[in-house]
Amino acid sequence: MLKVSAVLCVCAAAWCSQSLAAAAAVAAAGGRSDGGNFLDDKQWLTTISQYDKEVGQWNKFRDEVEDDYFRTWSPGKPFDQALDPAKDPCLKMKCSRHKVCIAQDSQTAVCISHRRLTHRMKEAGVDHRQWRGPILSTCKQCPVVYPSPVCGSDGHTYSFQCKLEYQACVLGKQISVKCEGHCPCPSDKPTSTSRNVKRACSDLEFREVANRLRDWFKALHESGSQNKKTKTLLRPERSRFDTSILPICKDSLGWMFNRLDTNYDLLLDQSELRSIYLDKNEQCTKAFFNSCDTYKDSLISNNEWCYCFQRQQDPPCQTELSNIQKRQGVKKLLGQYIPLCDEDGYYKPTQCHGSVGQCWCVDRYGNEVMGSRINGVADCAIDFEISGDFASGDFHEWTDDEDDEDDIMNDEDEIEDDDEDEGDDDDGGDDHDVYI
């Protein structure tokens, strides 16, 4: 009996000590009991409220990841809502109805409470109203379907159209489908749905390619003329050249042909043409040059090159005549050279300038035949389109810079002596310059 009483006394003493400790804790807390609820523990609240102004304020929407996000977020760091939509991690995360998903990067997303977000944005001096639309909106989540990529007007590729619409809803922006498939969109949309079937390019597309290349060649030509560079003049064997097949076009087209012809064989092979295939999305560039190869030998001669570009433009004589008429207006200017055109809009073989009393021979594109200019009527019965023996004439647009680079066949002595070449090139006394 005495042993039982002793045990009861020990238990009572232990219970009394626990009660006294609890009473002391209540007194330290201002006389208010927490009833055993850890949410009212000020020490715990202080730990989780380290980003709040007042100690002990509990945020029922608090999230550890969310607090870590705000710890590193600064007013100068925007909320990354403009990540690549196809890799948006928020598309795979579902937040509670009181929170919104914010993407930190392409792999990390956090759920942030509306209350915490508004509070932090106020502290940062950001007007939360500008975020209320895209952040607080209820955007429809996309189902899991087989990918059917589309390119949006914002330049991003979306796995399917629903994700494009979802991203537009989240950002509060207007995003439309620019084209089907991955970005960037091709300049010309294929008419065939099969990727294995090559689309044939139309004549209009060939003309557009020719015009773009011609403008590009002209810009390069003018830039090269303005910025003359010192270079080493290469002198290949004279026997390698056939002067009867020189380029018939003496403008930027002929200039570009000579720049591409790196082995000086007066032919362009695929390796020399490859530098022009710059835009992989331009499907008709390679097809255009394939159409230039009339002999189907995988080589483009200088005549094929010139004719290929010239046939893709409006009739040259009619174009020049129209331009002259536009400049003159109603009154005809005295002394103005007026080209003679055939019924198809190309140049007649014989051209004359009445004011100076001279006539000369040209091909159908207006390229003057070397040595054909005389006082009086010229005899132009030769088929000059295939003779290749053309001079510059009134249509010569090459500069002295090209003379220094390309005049390599004037005299055999020039080939043997490079130093003598430089002096001869600067001497304008040679009336028989031939351009390569």
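Placement of Cβ uses the backbone N, Cα and C atoms for every residue, glycine included.
According to Swiss-Prot, the feature signal peptide maps to 1-21.
Cys101 (disulfide bond) falls within a strand when secondary structure is assigned with DSSP. The annotation disulfide bond is assigned in Swiss-Prot to Cys90-Cys101 (among others) on the grounds of similarity to another entry.
DSSP assigns Cys95 (disulfide bond) to coil in the three-state reduction, placing it in neither a helix nor a strand. The disulfide bond annotation in Swiss-Prot covers Cys95-Cys111 (among others) and is backed by similarity to another entry.
There are 16 other Cβ atoms within 10 Å of the Cβ belonging to Cys169 (disulfide bond). The feature disulfide bond is assigned by Swiss-Prot to Cys139-Cys169 (among others).
For Cys162 (disulfide bond), other Cβ atoms within 10 Å of its Cβ number 16. A helical conformation is recorded for Cys162 (disulfide bond) in the three-state DSSP classification. The feature disulfide bond is assigned by Swiss-Prot to Cys142-Cys162 (among others), with similarity to another entry given as support.
Annotated disulfide bond per Swiss-Prot: Cys151-Cys183 (among others), in sequence order, evidence recorded as similarity to another entry. The local packing around Cys183 (disulfide bond), expressed as other Cβ atoms within 10 Å of its Cβ over all shown chains, amounts to 15.
Taken from Swiss-Prot, the feature domain 'Thyroglobulin type-1' covers 314-380, and the record attributes it to sequence analysis.
The number of other CB atoms found within 10 A of the CB of Cys317 (disulfide bond), across every protein chain shown, is 22. Under the three-state DSSP scheme, Cys317 (disulfide bond) falls in the helix class. Under the heading disulfide bond, Swiss-Prot lists Cys317-Cys341 (among others), citing similarity to another entry as support.
The disulfide bond annotation in Swiss-Prot covers Cys352-Cys359 (among others). In sequence order, Thr350, Gln351, Cys352, His353, Arg373, Ile374, Gly376, Val377, Ala378 make up the list of same-chain residues 6 or more apart from Cys359 (disulfide bond) whose Cβ falls under 8 Å from its Cβ.
Summarising the annotation, Swiss-Prot assigns disulfide bond to Cys361-Cys380 (among others) and lists similarity to another entry as the type of evidence. Annotation note: Cys361 (disulfide bond) sits in a strand segment as assigned by DSSP.
Annotated O-linked glycosylation site per Swiss-Prot: Ser387 (among others), in sequence order.
Residues or ranges marked as O-linked glycosylation site in Swiss-Prot: Ser392 (among others).
The region 'Disordered' annotation in Swiss-Prot covers 393-436.
The compositional bias 'Acidic residues' annotation in Swiss-Prot covers 399-430.
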Entry from the disulfide-bonded residues list Cys90, Cys111, Cys341, Cys361, Cys380 having the most other CB atoms no farther than 10 A: Cys361
Lowest local Cβ density (other Cβ within 10 Å) among disulfide-bonded residues: Cys95, Cys151: Cys95
Cys151 (disulfide bond) versus disulfide-bonded residues Cys90, Cys101, Cys361, Cys380 - nearest by Cα: Cys90
Alpha-carbon spacing, Cys90 (disulfide bond) to Cys111 (disulfide bond), which is rounded to whole Å: 9
Rounded to the nearest Å - Cα separation of Cys169 (disulfide bond) and Cys111 (disulfide bond): 18
Rounded Cα separation (Å) that holds between Cys341 (disulfide bond) and Cys162 (disulfide bond): 60
Helix, strand or coil at Cys90 (disulfide bond) [DSSP, three-state]: helix
